[in-house]
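Accompanying notes for the structure given below.
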Amino acid sequence: MGPSNDDACGGEGIRRRSCGCSKEDFLPEESFKSWGNYTKALKATPARLLDRLTARSGEHTELVEMKARSQHEMKKSLTWWDLMWFGIGAVISAGIFVLTGLETKKHAGPAVVLSYVVSGVSAMLSVFCYTEFAVEIPAAGGSFAYLRVELGDFVAFIAAGNILLEYVIGGAAVARSWTSYFATLCNHHPNDFRIHVSTFPDDYNQLDPIAIVVIIVICTLAVASTKGSSRFNYIASIFHVAIILFIVIAGLTKANPKNFTPFAPYGPRGIFVASAVLFFAYVGFDAVSTMAEETKNPAKDIPIGLVGSMVITTLAYCILAVTLCLMQPYQQIDEDAPFSVAFEAVGWGWAKYIVAAGAIKGMTTVLLVSAVGQARYLTHIARTHMISPWFAKVHERTGTPVNATATMLAATAIIAFFTSLGILSNLLSISTLFIFMLVAVGLIVRRYYVSGETTPSDRNKLIICLVLILGSSIATAVYWGSSNGWIGLVVSNSIWFLSTLALWLGVPQAKKPRVWGVPLVPWLPSLSIAINLFLLGSIDKASFERFGIWTGILFVYYILIGLHASYDSAIESKTVAGEVNSSL
């Protein structure tokens, strides 16, 4: 008798699957062997859901067992240099050339530079939380793996499913914007390079073949080699830095200090309103954390790479904002193309082509880094069997997750081909902020709770403090959005401060970081929770409706398929581990 599918792909102690495209590769779990088994699984849904809600994954599971389910390991080829440039490539995109003008004119005036500082500090808090997790749990799943360990399967799946949707929608919008900027470079209207189909609905009748070509090229790079993608990214990012330097140096030669007066025409509220929007210019670094599994020395490379890229990005944004505000009075800044119009105003109309080239570069590297990041999210989810383990396969030669990369970019390409920017225009990353908040909560739980060691009294104190921190942060966001007064803000912020103080003084930490840790715990992660919830409060109703609908779809899928597949996989892992231990 030949070897079974499990044995043919196996290793010691862990049964490996995903070796082909048979039914076994897509639904291999016991619950899906027959309709009878599936019916029994559905009847056991309440008990299984309770098990998955209360169970927590272990670090060894994420770092050893989950990796083994991909057949081959990802190649450890990245250093802090690669991660830093990946971070810069992921964050500095075309948005900087649009958001700065919009928020300067509408909300902040020249004080937009302070808005960028506030947003940068906010993003840095999330970077710290991600860094500690990435150093201690260097798995491809990024925040999905971290949340599985600290908050459980269900929370991790809902969070990761939402951020994957953001990747797909955002990638499609960026790909279509790539066509628009390319048309500008060629002195054409964007729709000149699109195919109009009159029989299609209005928002879906401008077909974009260039977006498809760009995504195919990105997919090829991402699949071929992570190290190769890194080289392409930092070469392109160096080109982008050169363009930013040109904009700054050339712009400052036309600077007029009088344009900085008045500095904050809309007052403090305007600065914070702008910072809530400008925070989204920093989104993207979470994709870099998914590359921890491919990092040579996570303890050194990840802190330098993530923190270094965020410092450079914040400085670049602030300098660009100062340059723009010195070139033109804030009232005259164009909302859609601020730098191009500013250069035209000083007689340098030709500079708009350089700005467009910088925007194209930014969009290209954003697409590349997000392609790498989203594939690793999907890979790790598949390793847990919450989705088909076929997506977990890592190619033997390239050491990259081929199936996950191709699938995610195919979905992106289909949406980009048909859907107009009007439909994709809402890029405010509600899912990203949601995950940032959950990661900060997870970090506090990680530091203050260890099962079997933390006393019931300390556990209850932790729960009460977390509820107060979350509740007061939500109250601050709601009050800020609905009132111009300060009394409510003083009360809610006082509750946040006192609950964080109570956690700091009243609950002993149960775990210390082994290598690198976030300083000033619980203050920094608590502040991260407050800021992310505050920014969530600035997002429009339509975004929350989309978030709710997609979360509902994820919940239905989880109850019908993901729950039973991951439950069977967890039971199988426990059985195999027990057999291995009994044989020792």
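Cβ coordinates are placed from backbone N, Cα and C, and glycine is handled just like the others.
Since we're looking at a predicted model, the values are computed, not measured.
For reference, TrEMBL has these:
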type	residues	note
TRANSMEM	78-99	transmembrane segment
TRANSMEM	154-175	transmembrane segment
TRANSMEM	207-225	transmembrane segment
TRANSMEM	232-252	transmembrane segment
TRANSMEM	304-330	transmembrane segment
TRANSMEM	350-373	transmembrane segment
TRANSMEM	402-424	transmembrane segment
TRANSMEM	430-450	transmembrane segment
TRANSMEM	462-480	transmembrane segment
TRANSMEM	486-507	transmembrane segment
TRANSMEM	514-535	transmembrane segment
DOMAIN	516-566	domain 'Cationic amino acid transporter C-terminal'
TRANSMEM	547-567	transmembrane segment
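For the transmembrane segment (486-507), the partner stretch with the highest count of Cβ pairs under 8 angstroms, out of 430-450, 462-480, 514-535, is 462-480. By the Cβ criterion (distance under 8 Å, sequence gap of 6 or more), the transmembrane segment (154-175) is not counted as touching the transmembrane segment (232-252), fewer than 3 such pairs being found. Sequence-distant residue pairs (6 or more apart) of the transmembrane segment (402-424) and the transmembrane segment (304-330) include fewer than 3 whose Cβ atoms are under 8 Å, leaving the two stretches without contact. Note on the transmembrane segment (430-450): residues 125-126, 129-130, 132-133, 143, 146-147, 149-151, 155, 159-160, 162-163, 165-166, 283, 286, 458-459, 462, 466, 470, 503, 507-512, 518, 521-522, 525-526, 528-529, 532-533, 535-536, 539, 543-544, 546-547 of its chain, located 6 or more positions outside it, place their CB under 8 angstroms from a CB of the stretch. If you look at the transmembrane segment (304-330), the same-chain residues 6 or more away from its ends with a CB under 8 A from one of its CBs are 80-88, 91-92, 96, 100-101, 104-105, 109-110, 112-113, 116-117, 120, 123-124, 127-128, 130-131, 134, 241, 244, 247-248, 251-252, 254-257, 259-260, 265, 278, 281-282, 285, 288-289, 338-339, 342-343, 345-346. Here the domain 'Cationic amino acid transporter C-terminal' (516-566) is broken down by DSSP into helix, strand and coil counts: 40 helix, 0 strand, 11 coil.
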